[in-house]
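Presented below is the structure to which this report refers.
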Amino acid sequence: MDSMHVFGGVVAAFLFGFVILYSSRGRENTKASEKSRSKKTLKSSGNGACRSNFAGNTDGIIVGAGVAGSALAYALAKDGWRVQVIERDLTEPDRIVGELLHAGGCIKLAELGLEDCLDGTDSQIVFSFAAVHKDGKRTAISYPSNTSGRGFYNGRFIQKLREKAASLPNVKLDQGTVTSLVEENGTIKGVLYKTKAGQELAASASLTIVCDGCFSNLRRNLCNPKIEVPSYFVGLVLENYNLPYANRAYFILKDTIVIAYPISSNEIRCLIDVPGLKQPPIANGEMASYLKTVVAPQMPPELHNAFICAIEKGNIRTMPNRIMAASPSPTPGAFMIGDSLNMRHAVTGGGMTVGLSDVVLLRDLLRPLNDLSDGAAICKYLESFYILRKPTAFAINTLASTLHTVFSSSDQDPSRKEMKEAFFNYLSLGGVFSEGLMALLSGLNPDPLSLVFHCFAMLAYAVGRLLLPFPTPKRMFIAAKLILVGSGIIFPMLKAEGIRATFFPATMPAYYRTPPVQSTDDRETGK
């Protein structure tokens, strides 16, 4: 019966796409288109801890004090858990990604009581995106329901999160590099880490939570990582621009994918996607030449001069885009969340939204408990986490990979070129079409069936563009190839995320995990 429902939804999506195409053809031809703050280091005692009054046994160790790790430390400490956070470097991070928090992520931040961490960072509200395509085509895509995202400097935001977590008496924040997990009889009992001074220390806790990000050196012990690097981001900071609309970010979807969004009151982060493992070297000037000759002509007029100035300024940086499906190996005493567990292409900026959603879910799962010492029982119970996180992770992961795969492909294949045009025109329809996709992309509506519906509706829309009003043998051939190409993009992503766990979670035994029976104790909450 469930399979019939999915099949029926797919058929309905195809029919819906044709209706959209037919009703919109009459208006298609008439549519008009529309520095750096000095770095801070958190004050610490001689051993790197921000607080010296931490006492008692540790309930949980959190490895990494980035967005997810710092937010989780605060959330668990507010619920009364005693937390030790071990972070490799407590100075303000300087990154080119992790600077756009979508509307769904902002809501999760508020649920954690951390929304004030955006204050005092010169963060900028983002209400909408300008999607820019070839031949000057552009359309505005807004967050639904009067919601908004935020753009900011990654380091400033993380320092605010760390400061707020460290302000709680049951949080200990240490600087050190975790070198390994400590295992005893199949259960993780803590970690070994090395301080900045080179001293090797051990820390023990009932539960160790790994949040050390996309370059995690611990995930190999807790999962079977299969990492892909389809492209690199080249990052610039644009200044002295004159935008026609304030509080708007950009998706530039031409021969090169570029995303841009405000990170301060006078700066825009610009990320250029360079496909493949090889990129032009920066040191000898090849990257600057590539950006000027290949990318600059594709920039919107309002960003062009600022883009050239940023290249000439010379602060060009790169970052690999990494993709890794969640494939955890449940291990008593240890757990993973955020980018340590699961990564998606950064083209849609969804990483922090998924990470904060993981934090909220894990906090809620741990709330009924008063003791974490039974590693096996806690591990079995937390298997439900991987099922319950699927809707948000699936929607954001799949949409990011789909958008990148479609718009990074060559126009030499007519079917792929037609798919690009159909994707952009679908976004341009506005209303429930663009808002539906934005609700999925931003984490506001983590509904897997809604995503599948939109994917197949877009595919049907693309086929309809080819076959209406008069199909020809050539157009029919391209349409058939387009269906094959589109299915080849969508179905492998569905398989990687897990079809059964995503669409039929009630058939998974882990879905029904309940908290283990525990005796009551006097754990106090900080609520």
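Each residue, glycine too, has its Cβ placed from N, Cα and C.
Automatic, uncurated: that is what TrEMBL annotation is.
Now, the feature entries from TrEMBL:
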- 61-89: domain 'FAD dependent oxidoreductase' (DOMAIN)
- 205-473: domain 'Squalene epoxidase' (DOMAIN)
- 6-23: transmembrane segment (TRANSMEM)
- 423-443: transmembrane segment (TRANSMEM)
- 449-468: transmembrane segment (TRANSMEM)
- 475-494: transmembrane segment (TRANSMEM)
Going along the chain, which residues at least six beyond the ends of the transmembrane segment (475-494) come within the CB cut-off of under 8 Å? 397-398, 401-402, 405-406, 413-416, 418-419, 452, 455-456, 459, 462-463, 466-467, 502
Taking only the residues in the domain 'Squalene epoxidase' (205-473), give me the average pLDDT of this model. 94
Do any residues of this chain, six or more beyond the ends of the transmembrane segment (423-443), have a C-beta under 8 angstroms from a C-beta of it, and if so which? 20, 24, 28, 31, 102-105, 107-108, 129, 131, 133, 137, 139, 141-144, 147, 149, 253, 348, 350, 353-354, 357, 392, 395-396, 399-400, 403, 406-407, 450-451, 454, 457-458, 461-462, 465
Could you pull out which residues elsewhere in the chain have a CB under 8 Å from any CB of the domain 'FAD dependent oxidoreductase' (61-89), counting only those six or more residues past its ends? 54, 98, 109, 112-114, 157-158, 161-162, 164-165, 168, 170-178, 190-191, 193, 203-205, 207-213, 216, 218, 337-340, 352, 355-356, 358-360, 362-363, 366-367, 372, 523-527
Provide the three-state DSSP residue tally for the domain 'FAD dependent oxidoreductase' (61-89): helix first, then strand, then coil. 12 helix, 8 strand, 9 coil
